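Below you'll find the structure, written out as structure tokens, and then a few comments.
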Amino acid sequence: MKPLPLPKQKNLRADCAWVIYQILEQGKSSRECLERVQRRHNAKDNAWIQEMSLGVMRRLPLLQHWLRSLLDRPLKGNKKVIEHLILLGLYQLNFSRVSNHAAVGETVAAASYLNAAGLKGLVNAVLRNFQRENLADKPVDDAIINSGLPKWLFKAIENAYGDDAEQVRTETNAMAPIWLRVNKLQTSLAAFTQALDKAGVEYTLSANHADAVILTKREDITALPGFEKGHFAVQDGAAQLAAHYLKPQANERILDCCAAPGGKTGHIVESAPDTQYVLALDADATRLKRVEENMTRLKHTVDIKQGDAANPDTWWDGKPFDRILLDAPCSATGVIRRHPDIRWLRKANDIDNLAQLQRRILETLWGLLKPGGTLLYATCSILPKENMAQIQQFLADTPDASLSPIVKTETVDKPGRQITPGEQQMDGFYYARLVKSAD
């Protein structure tokens with residue numbers, strides 16, 4: 001699909017349609033697209049654009065089903081974006097607090113900002129016909145459409161989770177809460193929650209995380225008390241388990257591989273402030289800047305390097321590590337509820353390619369681990385091929401690797417802990433802890 005420039009003049013709905021177009025037609029991430037449009041809007045409008053564009057991602061199969069029944073033929077070329085504008089209009093009419101009058105009128109007007117004033121009549125007719133035919137009240141007898149997921153992922157979850165698949169799919173399409181991790185080197189949970197209380201911020205505490213706070217509604221994170229002082233980091237509860245399972249100790253050399261944006265790196269330092277050396281490694285220079293920013297704000301000192309985990313000759317100093325956290329590149333299917341565009345950016349054949357990359361990195365990093373050392377393998381995936389099957393095969397092929405169980409139910413045949421989306425309010429995650437023979 002031909003690239004589409006950002007509308008010359010800012011307009012809420014035109015810019016939102018542009019974001020949807022970029023994700024679905026150009027394969028861009030929502031984060032990248034939203035950053036571009038949000039530079040020219042205020043905070044309130046930015047929140048609206050994000051809510052609407054990501055909402056369309058969650059409801060896309062149903063919205064497209066309605067669109068196909070209302071549009072005589074698909075739009076092509078530089079007019080394709082008008083389909084995305086109509087999807088936005090349908091979402092507003094059914095899944096938002098926007099009045100029907102504004103959902104239709106303002107969406108029709110936005111066509112002019114997308115160089116398609118001649119299609120305003122079409123946009124108006126489609127949205128009016130949707131209302132006239134009461135399509136929202138007519139049930140759609142298609143489980144895949146109703147799931148909000150692509151067909152390949154719907155079936156992958158079905159195959160992996162059986163009787164629990166429906167629950168996993170439902171949670172995958174839910175809204176994720178915002179978790180904070182208190183930086184106990186700068187403050188305490190009691191002091192931080194007292195500051196939140198004083199500021200009128202609503203939250204709950206986690207029964208399973210000693211330093212976690214879960215916000216009960218969306219907040220401007222940078223405006224929360226203690227942000228500038230590094231009193232907390234944004235990190236989901238599942239990701240907060242990484243440092244707990246890695247168990248860093250004093251006077252150790254620790255590698256956090258694929259570290260950006262640095263949440264787990266910071267938690268490692270907070271868990272073992274007397275550790276000798278922590279290296280945060282990532283291949284993406286842009287994302288490494290976020291690691292630097294986060295470490296500076298949290299007042300942590302770590303070594304930060306850009307490098308390919310599968311090619312350590314370019315970044316490794318030759319000294320083995322006591323512990324390695326490998327947050328492996330993955331499908332990110334466990335965090336779709338937080339980043340709903342992922343479901344449309346990932347394809348079925350990506351999983352095999354990712355599994356091969358994970359294995360290559362795992363084998364490479366194993367050679368950098370001291371005898372007796374620990375490697376924690378982690379993904380934010382819910383697919384067995386990237387998780388349990390990956391570790392099963394690695395254990396079978398690696399004589400000096402053994403499983404160090406995280407939970408009592410683990411065996412070599414069923415290694416690791418799989419967390420599903422929504423479990424204890426957490427994202428989907430997988431962990432397996434491996435130990436290298438001391439001999």
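Cβ coordinates are placed from backbone N, Cα and C, and glycine is handled just like the others.
Those TrEMBL annotations? Automatic predictions, nothing curated.
Because the structure is a prediction, the values reported are computed rather than measured.
Annotated in TrEMBL:
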type	residues	note
ACT_SITE	Cys380	active site, nucleophile
BINDING	Cys258, Ala259, Ala260, Pro261, Gly262, Gly263, Lys264, Asp282, Asp308, Asp327	S-adenosyl-L-methionine binding site
DOMAIN	168-437	domain 'SAM-dependent MTase RsmB/NOP-type'
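Features as recorded by TrEMBL, highlighted on the structure.
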residue	record	DSSP (3 states)
Cys258	S-adenosyl-L-methionine binding site	coil
Lys264	S-adenosyl-L-methionine binding site	helix
Asp308	S-adenosyl-L-methionine binding site	coil
Cys380	active site, nucleophile	coil
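Neighbour count (other Cβ atoms within 10 Å of the Cβ, all protein chains): 21 for Cys258 (S-adenosyl-L-methionine binding site). Here the Cα atom of Lys264 (S-adenosyl-L-methionine binding site) is found 13 Å from that of Cys380 (active site, nucleophile). For the S-adenosyl-L-methionine site, whose binding residues are given in the record as Cys258, Ala259, Ala260, Pro261, Gly262, Gly263, Lys264, Asp282, Asp308, Asp327, the maximum C-alpha distance rounds to 19 Å. Sequence-distant neighbours of the residue listed as 'active site, nucleophile' (same chain, six or more apart, CB under 8 Å from its CB) are Ala238, Ala239, Asp327, Cys330, Ala332, Thr333, Gly334, Val335, Asp427, Gly428, Phe429, Tyr430, listed in sequence order. Sequence-distant contacts (6 or more apart, same chain, Cβ under 8 Å) of Asp308 (S-adenosyl-L-methionine binding site) comprise Ala283, Thr314, Trp315.
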